[in-house]
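What TrEMBL says about this protein:
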DOMAIN    B:234-263  domain '4Fe-4S ferredoxin-type'
DOMAIN    B:282-316  domain '4Fe-4S ferredoxin-type'
DOMAIN    B:585-614  domain '4Fe-4S ferredoxin-type'
DOMAIN    B:624-653  domain '4Fe-4S ferredoxin-type'
Amino acid sequence: MKNKLMHLSNETMNVGFVKKVEALSGTSVRRCFQCGKCSAGCPMTGFMEHPPNRVVRLLQLGQGARVLAGRSIWYCASCETCTTRCPNKVNLAAIMDALRKLSWDADGPSKESYVQLANRLFIENIRTYGRQYELRLGAAFNMKSGQFLKDLMLGPKLLSRGKMKLFHQKNKNLPEIEAIFNRIEEMRKKGEAL
Amino acid sequence: MSRIGVFVCHCGENISRTVDVERVAKEAGEIPGVAYSCDYKYMCSDPGQNLLKKAVAEHNLDGALVAACSPRMHEKTFRKAASAAGLNPYLCEMGNIREHCSWVHEDREEATAKASDIVKFMVERVKKGKSLAPITVPVTKKALIIGGGIAGIQAALDIADAGHQVVMVEREPSIGGHMAQLSETFPTLDCSQCIMTPKMVDVANHPNITLYTYAEIEKVDGYIGNFQVTVRKKARSVDESKCTGCGVCMTKCPKKKIPNDFDQGHGMRTAIYVPFPQAVPNTPVIDRQNCTMFQSGKCGVCQKVCGPGAVDFEQQDTLTVESVGAIVVATGFKLYSIERKPEESAIQGYGEFGYGTIPDIIDGMTFERLASASGPTGGRILRPSDGKEPKQVVFIQCVGSRAREKGISYCSKVCCMYTAKHTMLYHHKVHDGQAYVFYMDARTPGKGYDEFWRRAVEEEEAVYIRGMVSRMYQRGDKIVVMGSDTLVGVQVEIEADLVVMATAVQAQDGADLLAQKLGISYDKYNFYSEAHAKLKPVECATAGIYLAGACQGPKDIPDTVSQASAAAAKVMTLFAKDQLERDPVVAKVNEKYCVGCLACKKVCPYGAVEEREIRDRQGNLVKVVANVNPGVCGGCGTCQATCPSKSVELDGYTDEQIMAMIESL
Amino acid sequence: MTPGKKNLLTYSYYPGCSLHASGREYDISTQALFKALNLGLKEVPDWFCCGATPAHNVDELLSLSLCAKNLSLADQVEGDLAVACAACFSRLKTTQHHLKEDDTKRHQVETAIAGPASLGKPVKHILEILARDFGLARLEESVKKPLLGLKVAAYYGCLLTRPPEVPELDDCEDPSIMEDILRALGAEPVKWSHRMECCGANFTLSRPGVVLKLSNAILTSAQEAKADCIMVACPLCHGNLDIRQESINKYGTPEGSLMGNIFGSDYIPGSEDGARREMPIFYVTQLAALAMGVPTDKLGLESVIVDPRPLLYEKNLL
Amino acid sequence: MHAEKLQHEFEPKIVAFVCTWCTYAGADLAGTSRMQYPANVRVLKFPCTGRIDPVFILRAFQKGADGVLVSGCHPGDCHYMAGNFHARRRFAAFRALLGFVGVDLERLQFSWVSAAEGGKWVEVVTELTEKVRSMGPMKEFKALENEEQWSGALNTPELREAFESIT
């Protein structure tokens with residue numbers, strides 16, 4: 001996908017997808033003139049197959065699928081350095097958010113599953129417990145990702161120092177949280193929100 | 001014995017840091033013929049110049065040498081000072097002990113020795129120098145403008161408005177040039193013809209402007225202030241004095257399918273034609289190559305229908321000689337065409353783009369005509385092959401330009417902007433179309449230019465692709481464009497309906513021949529050379545000839561108009577004087593020794609050498625000698641080095657002076 | 001809080017999930033510091049997670065809604081909203097910013113939380129409260145035990161300053177608020193290069209290797225600047241720099257190996273021999289409370305992984 | 001910082017004949033750019049290389065020059081349009097002649113240095129100086145100098161009168 005010949009035409013350029021990204025992120029990809037400042041300052045460029053400027057470039061060419069197929073968006077640390085320094089005020093961090101959401105909605109064709117998994121578990125945690133329950137989060141992640149021993153050595157240290165709790169905290173607002181999740185799902189079903 | 005003064009300058013510390021100026025002055029004082037020598041902190045300052053003036057008076061000096069900076073810097077200054085002190089300015093010389101000595105050497109001993117040597121041989125030069133008087137020549141206050149495009153029009157109007165006579169010579173049947181062909185102009189998108197045609201009419205109606213269209217420069221003689229220009233008026237076959245411009249001839253002409261150059265060959269015209277409706281003058285011309293009357297002797301319809309009887313098949317080319325004092329060259333440019341070209345083309349051709357065989361690959365000027373309301377499609381973007389509206393248009397920049405190994409290394413300067421404009425025009429006219437632009441760099445310096453380009457990208461939704469096109473070929477009714485996007489690092493393929501190439505801006509055909517007639521220099525691309533890239537951007541090295549517009553190098557309209565007005569200002573500066581003074585560094589023939597071999601005449605680049613017959617009182621020819629016209633002589637001295645009998649001498653650089661210098665070494 | 005004595009200023013308080021778990025010492029020391037400075041602090045009842053980075057990463061509307069709901073919960077408590085966690089602070093401020101700017105989003109969020117979005121309450125980070133509300137001059141006056149001789153690398157991380165229009169805390173490229181506080185406390189802030197670089201907190205669960213690489217660069221830079229310790233104002237930064245410091249200094253397996261898959265680590269950090277000195281990581285509130293003379297058992301120093309106490313002994317601060 | 005200056009046994013005398021528009025200006029540029037080159041060269045200015053008579057070169061050699069440099073505008077860039085072409089043709093023939101009479105042609109160099117080529121000027125001068133230094137002093141024409149002392153005596157009033165009478 002990365003190096004495949006790119007056909008450009010009104011049909012192959014998915015302008016609708018780009019418009020969605022622009023609506024979600026509230027920023028225009030056309031404003032970018034490819035100076036590369038975002039990629040220059042990005043702490044994660046080295047981990048990405050498409051550095052940030054190229055992500056925008058692919059969007060300019062209507063090549064959302066190429067972006068989603070890669071793992072770049074999942075390697076964005078959301079540090080906002082790009083957005084802060086962009087000479088054209090292209091909110092790249094918001095574009096990354098939008099891309100991740102669209103990938104998430106499409107159940108992610110991305111190669112990067114760990115970050116997706118972590119995000120999924122994190123949000124599930126909110127829905128279930130209201131607050132983060134780190135022990136469960138970590139354990140569930142290790143189970144599902146198959147990295148059974150990951151950070152195992154940290155567990156006892158954290159527990160012994162009270163940095164990780166064995167049980168979750170109770171929260172009176174749980175029904176309200178559930179309602180928020182439900183209402184958002186409802187709105188999306190009705191097409192009132194992206 | 002000469003009485004020469006030597007003045008050694010410290011130039012602050014610039015010279016004295018590495019050169020022992022006191023020692024140089026002292027040693028200079030010991031040279032035979034030097035009557036006075038001193039050193040001073042700043043010779044070019046007021047007190048420094050006064051020092052020179054005072055020394056000339058007090059020591060009765062008959063020559064002065066200022067050892068200081070380069071003569072290119074201050075020769076004028078010191079000659080003026082010397083002149084004020086009553087010394088002939090040409091007996092004041094400079095020894096360059098700064099640029100050629102103190103700044104380039106570190107060793108104080110060596111530098112001082114060298115400075116002393118420089119003073120020594122320059123003193124010899126002054127000793128053998130002669131008093132010279134500047135040459136004066138009269139000025140004919142009439143200007144010739146070659147080329148009737150926007151550059152020529154602007155220069156002509158400026159000069160004519162200042163009250164001077166102007167002769168304008170245009171090769172085509174109408175003035176207007178390329179600007180008349182354009183649809184809209186960047187960065188304001190105003191209509192080119194709307195701003196151009198009023199100026200064309202102004203030229204035609206101006207009482208101070210004599211307009212020759214369908215005419216070319218045949219020959220140029222003379223020199224600054226006094227040029228004689230022979231203009232060839234090509235036979236129009238229509239008498240301009242009789243023609244009323246009614247146009248009946250054109251409607252009746254049976255030959256109607258001749259591709260019109262003005263529309264880049266995409267519109268049709270008749271054999272008797274005006275290139276475009278707003279032409280100035282509105283007098284038709286018969287294209288003899290395509291006229292049935294001229295080719296087979298049968299037809300003559302135009303003559304029959306012409307009420308005033310203006311059509312004249314017998315008309316011949318005529319030659320007119322105009323005397324002018326200054327010449328503005330404004331011959332403009334042509335666009336490179338990718339068609340396979342004869343050997344002399346500067347560009348090696350673009351076989352990968354099909355050598356012009358694919359009809360829907362057009363150049364930028366053709367797109368201008370397609371987009372122009374007065375163009376062959378009435379302003380609709382329709383492709384040449386089948387007249388369909390293209391939905392995918394690919395623009396390619398830098399075709400021919402910036403391709404050193406293909407022949408042209410320069411940037412054509414206007415393409416980035418006009419391509420951005422094209423994408424906008426296209427988007428305005430074809431709403432559901434998509435424009436793609438392949439580019440290497442977007443070069444948009446200029447007021448409001450970058451903003452304009454960004455507007456094309458951000459608002460008019462042109463897809464700019466940073467990369468070049470490797471190849472194009474026809475597939476069905478599409479053109480497959482194989483390019484790359486270097487920002488992504490992938491190959492890109494687009495099936496285009498129309499491809500517009502921003503081909504290189506080149507010098508006009510025949511620019512080199514005209515330059516040879518004018519005696520001005522041109523670069524390897526046939527663009528005319530200015531005298532100095534920064535400080536004399538409108539002057540030619542040949543005095544009295546000025547440049548305006550794209551004949552000097554690719555230029556957009558604002559730059560062209562600025563330069564044209566600048567050239568006009570230079571002409572007016574010249575015309576502000578009745579007489580011209582120039583340096584008397586000219587060759588003189590010693591008729592006594594001249595044997596009349598005229599080897600000098602063969603090598604003179606200015607044509608300044610003429611034959612002169614010497615007759616005795618009875619009128620018998622004694623001998624033929626060479627004679628140098630001081631007004632024309634440029635002062636290169638090639639004649640002197642060539643002369644076998646050493647009977648030509650260049651004032652200021654005589655053999656005697658140079659030998660004295662060499663011998664002092 | 002001393003009964004009967006009126007507080008100088010009173011704040012509502014949104015600690016956030018981390019401060020109740022891996023960053024508990026931040027919570028402990030914040031409470032202790034506020035008490036020492038005579039500042040009121042009342043926790044918002046039954047607050048819930050702001051969604052942090054994962055929520056906005058994949059679902060901005062959810063993120064905005066969670067924060068909006070938390071903001072309306074905070075409305076029930078008197079006083080500006082004090083936030084200690086930089087991530088929570090950033091999310092809450094972002095929510096306010098976006099919903100003020102964008103009517104469509106506000107409308108969607110109000111539908112999701114079935115009520116009006118409350119955008120009026122000032123959200124303040126602890127740093128802002130110390131340096132601005134309480135004031136640097138007063139802070140300096142209140143110091144009982146100046147942190148003399150302590151060279152501190154102030155680490156801002158990403159979310160305290162970026163993007164500039166959201167947190168409005170300080171200059172987004174050259175902030176000084178942490179250094180100002182350090183000076184007021186008598187400590188010596190060092191000049192160093194990596195105070196605004198990302199520590200990779202987003203990947204602490206999913207791709208710890210990333211964290212190791214990025215945090216390693218930060219620790220190395222602080223050490224090169226001859227800092228004794230690092231001061232942070234975010235539990236996520238702290239977690240990475242402190243909890244993972246031992247791994248950064250010693251371990252690491254190459255990406256793609258079996259070991260890497262099992263241990264979830266894909267990077268070998270720079271120091272091969274593990275020779276780097278351990279670098280204690282303090283919360284701003286820990287150092288401030290220490291300077292205010294708060295008893296050391298109320299600073300949560302025992303909860304930290306890299307034990308800071310030897311350093312404090314060395315500097316005569318314990 | 002200053003490197004110890006090398007002491008040479010022999011310092012050649014180099015005479016440069018340059019055109020005022022290109023090489024002279026190029027040498028000026030070397031100066032304004034503060035480039036450094038050996039101080040052996042003495043620069044004589046001409047309007048154009050076309051003005052340079054081969055006799056000048058012979059005279060310079062005779063009068064003690066160990067090397068001669070002739071430098072002007074690049075072909076096509078002549079201020080006077082074609083002077084440097086004439087110079088080029090003239091010197092091509094002259095070189096052959098000089099070689100024939102036994103002068104080591106390494107001592108005579110022609111080059112094109114434009115007004116923009118300060119660096120090239122420095123290169124050319126440095127190279128020629130080094131080359132001539134390694135060749136040692138030029139001795140060939142020194143004997144001729146003596147002969148001319150003798151032939152100089154031709155300039156007697158009688159001869160002058162006879163010469164003047166030629167019309």
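Heads up, the Cβ atoms here are built off N, Cα and C, so glycines get one too.
With Cβ pairs under 8 Å as the measure, the domain '4Fe-4S ferredoxin-type' (B:585-614) is packed most heavily against B:624-653, out of B:234-263, B:282-316, B:624-653. Among residues of the same chain six or more beyond the domain '4Fe-4S ferredoxin-type' (B:624-653), those with a C-beta under 8 A of the stretch's C-beta atoms are 90, 129-130, 132, 135, 137, 222-223, 226, 583-614. Assigned with DSSP, the residues of the domain '4Fe-4S ferredoxin-type' (B:234-263) fall into helix, strand and coil as follows: 8 helix, 4 strand, 18 coil.
The average pLDDT for the domain '4Fe-4S ferredoxin-type' (B:234-263) in the predicted structure is 94. Secondary structure of the domain '4Fe-4S ferredoxin-type' (B:282-316), assigned with DSSP and counted as helix (H, G, I), strand (E, B) and coil, comes to 10 helix, 3 strand, 22 coil.
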